[in-house]
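Some notes on the structure that comes next.
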Amino acid sequence: MGKNFHHPYQPYDIQTQLMEHIYELLNSGKKVGIFESPTGTGKTLSLICSTVTWLREHKLEKLNSKVDNDNLSDSTFSSSDDEPEWVNQFYNDKIMKEKSKSLQEYENYLEGLSMSNIKPVLRQLDIGDRKRKKTVPRHIEIEIEDDETNFLPEPYEQDSVSNQNDYEKGQINDEIQKLLAKIDKGYDVKTENNMELKSPLKIYFSSRTHSQLTQFASQLTLPSFPPSSPTLEKERIKFLPLASRKQLCIHAKVSKLKSDLINDACVETVKRQECQFYTNSRDLISSKQFRDYTFSEISDIEDLVQLGHSLHVCPYYSSRTALEGAEIVTLPYQHILSFEIRESLGINLKDSIVIIDEAHNLMDTITSIYSCEISLSDIKICKKLMKIYLNKFKRKLNGKNRVNIMKLMKLLDILQAFIESHFEKGKEISPQSMFRDSNADLLNIHELVTYMRGSKIAYKIDSYADSKLKSDESNTNSVKQPILFKISKFVLSLSNPSFEGSFFFEEGMIIKYMLLEPNQIFKTIVNDSKCVILAGGTMQPTSEFIENLLPFVPSKDIVQFSCNHIIPESNLDTFIVSEGFNFNYESRNNESVMCKLYDFLLELGCRVPHGIVVFFPSYGYLEHVIKFWQLEEIFEKLSMNKRIFYETPGGSDILPQYSSTILDKKKGAFLFSVVGGKLSEGINFQDNLARAVVMVGLPYPNLYSSELLVKKRHIEQKVISAGGSLKDAKSATIEFYENICMKAVNQSIGRAIRHANDYACIYLVDNRYLNNKVQHKLSEWVRKRVKSELKTSEIFAQTSVFFASNR
């Protein structure tokens, strides 16, 4: 009998295999695990059961170790060999009971809170009428007025130690977080002396969306784990969902601000002692109440917001206080990937387990977070706003502020002139070239960055502009995103190390900074934590992670495992439709190829019941094919067989109509989608919604896009600088290009099977899928079921047999 992972159901073999591999990774001391578990195979529960089982066992070992260490340091205890073994054991048991007593009392207390059906009670409580002893007096909340003095720059000292430290710790796009550092570090609530209630080793679970984190919380309620102490009858999981101020703020006015402004507005409000929620959350009794209510049952972010309202405390700051005792913490990507956010929240990854779910897009996410851009239009708007601000406040600004604002305007003038005179799409540029032909010798980027951080001038100008736009009801040119923050972020990027990223011109008169070395950001996470688990439904090709994200991790410290699917072998067939099909750039617009695709889909529609999802490589090609079929007057015939829905860029959501057609019409429907579009990721095409998934061609990205050209040059330079040949460099860029394509293929066709009883066929329509290298980069559960070297007629025949046997 294998290891008991306390799975709430009888796990499938592949779930057991995944849990065993994760558990072995944690026991082995290796640093990184890359795990692929197809959607619908219970990946989340497998992650929970394996990691929490290990965590509880590890805590028990730590507790026993702590007892032994305490015994050795106890002067009343003799470790002499003359002491009978039963005496030693009796003493150990006594110490264990004493240390477990407080844990049991706390568990009993939490059980009482849980049994009291706390949520309805909290909603009815009138906290204002409750008489409780407060160690910190409550402040009467003062509404933030549009007092014009609030828009003046914050006092700062240009050469102060604090400003210098802020600059040195600055990251690529973390200006906002650095502005919060002072107030965040000043947040100091007294902690309990009871060390047993703390949980130094934690599981941090991060995913892309709020809904995915909420789903994790709901799954966490299903299993039941043994306690970490043998004397405990039961031990509930101490779970804490961390979130941003935008999600947790309950201040009436601050919570309504744009996400780019809310962080600084929070700092401003706290500094002026105008947020009673923050003041109350500094109180020991209130912060403990928030923690205990949170730990009494599995709570999501909405529960924390409700709890904050009920207890009249700030959920954001109170959740940070609860962090110390949490065993499992969920948080969005940005919170785990940004060093500055981790620092401000008090997140210490030392010896902890970091799980990054939906990790197939991890590198793209890191690149996106740490990249920025400004357009010529942004610069012009920013200059206009700064002039309005100067005209309004020039008499109230001191000399230093006026000088620094004028320097910022000078910087904008230089950038505007540079874009207007040097723009060439795709051209890489250096920060030095931006200032080479200007009299920028009087500008010091370091000093400007320090000034912007210390004075919060970006927040001041943006919030003043926002207030004026709101007061002018006739103004229709409201800026959707605070412009000064974009400028501020770009100025910060000018001081980044050149090897980490690159500046280049993008279409639309834009200067873009793009991070090129995401491994530099990820390295601190891997080094600090005990172990990092990268999990996803489609992680192939994993070479992308190993070469570009984890080059600093020795191969012996990386574990890889790819699950098969839980469905029977007979529930999925994968066909390579190669006969006469090649959708490369040279031939895909040939009329014969588009006609052949039409014939294939027409016949397929007669043999596949219900829904068929067809993925095209781009919106442009989808539109081109449909127009051709319409001109040939054959499109209508295809739609007579099955109704056709097709995705358009920026178009309305067609999924509800498609779904209702599948439910209402026996003949079913086609859904023409685009790889990388809204329907290619995150949407479940289960059961009749996708009895077949068709991939038209290989969706290689545009090789001549500015971003891809910059990345290509960077990869080539890296290979050559490491001693590689031109041939090696070329090979590396081809590998990079293929990985982007195959990652997109896997994401799209992974929509086909969503649960154990689902069934479908996958059709890879292009003779290039016969290439072994291409097939090797398919997800393993798809690759194992590939049927190649079949004629189209044989594919249709086997399709009919497949659906006849699966009715």
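Numbering starts at 1 and runs along the chain as it is shown here.
Placed from the backbone N, Cα and C atoms, the Cβ positions cover glycine too.
Taken from Swiss-Prot, the feature domain 'Helicase ATP-binding' applies to 1-415. Residues belonging to the domain 'Helicase ATP-binding' (1-415) score a mean pLDDT of 78 in the model.
DSSP assigns GLY40 (ATP binding site) to coil in the three-state reduction, placing it in neither a helix nor a strand. For SER37, PRO38, THR39, GLY40, THR41, GLY42, LYS43, THR44, the entry in Swiss-Prot reads ATP binding site, with the evidence type sequence analysis.
Swiss-Prot lists CYS249, CYS266, CYS275, CYS314 with the feature [4Fe-4S] cluster binding site. The DSSP secondary structure for CYS314 ([4Fe-4S] cluster binding site) is coil.
Sequence-distant contacts of the motif 'DEAH box' (357-360) (same chain, at least 6 residues past either end, Cβ-Cβ under 8 Å): 34, 43-44, 47, 205-208, 212, 216, 534-539, 545, 743, 746-747. As annotated by Swiss-Prot, motif 'DEAH box' applies to 357-360.
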Helix, strand and coil totals (DSSP H, G, I; E, B; other) for the motif 'DEAH box' (357-360): 2 helix, 0 strand, 2 coil
Pairwise Cα distance for LYS43 (ATP binding site)/CYS275 ([4Fe-4S] cluster binding site) [Å, integer]: 42
Binding-site residues listed as CYS266, CYS314, least Cβ neighbours within 10 Å: CYS266
Residue pair GLY42 (ATP binding site), CYS266 ([4Fe-4S] cluster binding site) - Cα distance, angstrom, rounded: 40
Tertiary neighbours of SER37 (ATP binding site) (same chain, Cβ under 8 Å, six or more apart): ILE14, LEU18, LYS43, SER46, ALA535, GLY536, GLY537, CYS563
Long-range Cβ environment of GLY40 (ATP binding site), under 8 Å and at least 6 residues apart: HIS565, ILE566, GLN686, ILE753, ARG754, HIS755, ALA756, ASP758
Those binding-site residues listed as THR39, THR41, THR44, and which of them has the most Cβ atoms within 10 Å of its own Cβ: THR41
Cα-nearest neighbour of CYS266 ([4Fe-4S] cluster binding site) within the listed binding-site residues, PRO38, THR39, THR41, THR44: THR44
